[in-house]
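As recorded in Swiss-Prot, the features of this protein are as follows:
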BINDING   Asp28, Cys112, Thr153, Thr201, His234, Arg243, Asn266, Ser296  (3S)-3-hydroxy-3-methylglutaryl-CoA binding site
ACT_SITE  Glu80  active site, proton donor/acceptor
ACT_SITE  Cys112  active site, acyl-thioester intermediate
BINDING   Arg199, Lys239  CoA binding site
ACT_SITE  His234  active site, proton donor/acceptor
Amino acid sequence: MVGIVGYGAYVPSYRIKVEEIAKVWGDDPVALSRGLVVNEKSVPSADEDTATIAVTAARYALARAQIDPQKIGAIYVGSESHPYAVKPSATIVAEAINATPDLTAADLEFACKAGTAGIQMTMGLVDSDMIEYGLAIGADTSQGAPGDALEYTASAGGAAYIIGKDNTLADIEETYSFTTDTPDFYRREGQDYPSHGGRFTGEPAYFKHVLSAAKGLFEKTDSKPEDYDYACFHQPNGKFYLRAGKKLGFTSEQIKQGLLTPNIGNTYSGAVPLALSNILDVAEPGDKIFVVSYGSGAGSDGFTLTVNEEIKEKRDLAPKTQDIIDRKQYVDYAVYAKFKGKIKM
């Protein structure tokens with residue numbers, strides 16, 4: 001069965017608190033933190049971008065997989081903040097991990113679910129025996145306009161997954177997707193910051209797609225919430241994540257391990273891959289995991305996984321997600337604005 005052979009995560013070490021951003025714009029930090037369920041977010045340094053995040057996560061995934069990178073037949077990097085408009089991030093990753101030249105590679109974009117789309121694509125290639133291993137990465141250095149609500153959550157980070165058939169640490173048993181044309185969030189070529197539909201991004205966008213994908217996956221697998229040990233969903237903020245879990249019938253115990261947004265913000269394409277990596281860091285053999293991503297535009301990908309014995313041998317071969325998150329240094333708004341290129345000369 002196709003499954004995860006190795007995984008790796010990376011989150012930049014810099015952080016900015018919600019109260020620091022609120023101080024600049026005269027907003028109420030207590031109300032914002034309570035409403036969004038976000039306390040602080042990650043900030044990429046001046047020398048960090050989607051490609052560097054993807055490379056680091058990929059190297060950690062290789063460390064856990066313990067395979068020859070030359071056996072990787074496909075690399076897909078999902079992001080909405082690729083450093084180049086014309087120049088793939090995937091080839092940078094491929095060269096950095098010594099996987100070139102005998103492979104296919106491409107950059108993917110579907111708002112915040114491009115990473116899980118890459119997982120589905122590698123699953124198909126591996127399952128059909130077209131390749132032995134595939135590498136799928138979800139990573140972003142997301143942007144929010146100064147003073148916009150997104151500025152309190154848009155952050156940076158990502159995770160990588162090596163997909164294969166042998167020595168899997170978790171089997172991916174089923175996948176299901178739900179997709180419509182819903183323009184809740186978008187950015188045209190040349191624009192520095194995205195536009196969004198405000199409250200419209202909730203019920204007809206995020207919740208409609210996440211809940212529909214989850215229900216479709218329940219039906220496809222003939223399963224229910226209590227059949228799973230862990231569950232995680234896309235998390236533009238903590239509030240949406242917790243509400244989605246409750247609506248679907250999951251308990252707080254099932255979903256708490258995957259909730260990372262309060263301490264790192266919304267890593268966009270990295271959100272669900274990072275949540276899953278944090279679950280794999282603690283899951284035991286036999287545990288079942290339920291995962292649903294979301295990308296504006298709009299669509300959701302769902303997965304069910306079962307953890308295998310190999311997790312015990314592999315998870316300590318690379319830094320754990322929470323350890324990476326705990327390594328942090330706070331910056332003020334001036335440094336944050338400089339790192340994020342918000343100051344235009």
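Counting starts with 1 at the first residue shown.
Every residue gets a Cβ built from N, Cα and C, even glycine.
Owing to the predicted nature of the structure, the values given are computational and were not obtained by experimental measurement.
In the three-state DSSP reading, Asn266 ((3S)-3-hydroxy-3-methylglutaryl-CoA binding site) counts as strand. Reported as a whole number, the C-alpha separation between Ser296 ((3S)-3-hydroxy-3-methylglutaryl-CoA binding site) and Glu80 (active site, proton donor/acceptor) equals 11 Å.
Taking the Cβ of Asp28 ((3S)-3-hydroxy-3-methylglutaryl-CoA binding site) as reference, residues of its chain lying under 8 Å away and at least six apart in sequence are, in sequence order, Ala22. Within 10 Å of its Cβ, the residue among the binding-site residues His234, Arg243 with the fewest other Cβ atoms is Arg243. In the three-state DSSP reading, His234 ((3S)-3-hydroxy-3-methylglutaryl-CoA binding site) counts as coil.
Across the structure, Cys112 ((3S)-3-hydroxy-3-methylglutaryl-CoA binding site) and Glu80 (active site, proton donor/acceptor) place their CA atoms 7 angstrom apart. Of all Cβ atoms in the shown protein chains, 25 besides its own fall within 10 Å of the Cβ of Ser296 ((3S)-3-hydroxy-3-methylglutaryl-CoA binding site). Note: Glu80 (active site, proton donor/acceptor) has non-local neighbours Glu109, Ala111, Cys112, Ala114, Asp140, Ser142, Arg187, Tyr268, Ser269, i.e. same-chain residues 6+ apart with C-beta under 8 A of its own C-beta. Lys239 (CoA binding site) is 12 Å away from Thr153 ((3S)-3-hydroxy-3-methylglutaryl-CoA binding site) when you measure Cα to Cα. Under the DSSP three-state reduction, Lys239 (CoA binding site) is assigned to helix. The record assigns Asp28, Cys112, Thr153, Thr201, His234, Arg243, Asn266, Ser296 to the (3S)-3-hydroxy-3-methylglutaryl-CoA binding site, and the maximum Cα to Cα distance across that set is 28 Å.
It is Thr201, among the binding-site residues Thr201, Asn266, whose Cβ has the fewest other Cβ atoms within 10 Å in the structure shown. Note: the Cα of Thr201 ((3S)-3-hydroxy-3-methylglutaryl-CoA binding site) and the Cα of Lys239 (CoA binding site) are spaced 13 Å from each other. Asn266 ((3S)-3-hydroxy-3-methylglutaryl-CoA binding site) sits 12 Å from Lys239 (CoA binding site), taking the CA atoms of both as reference points.
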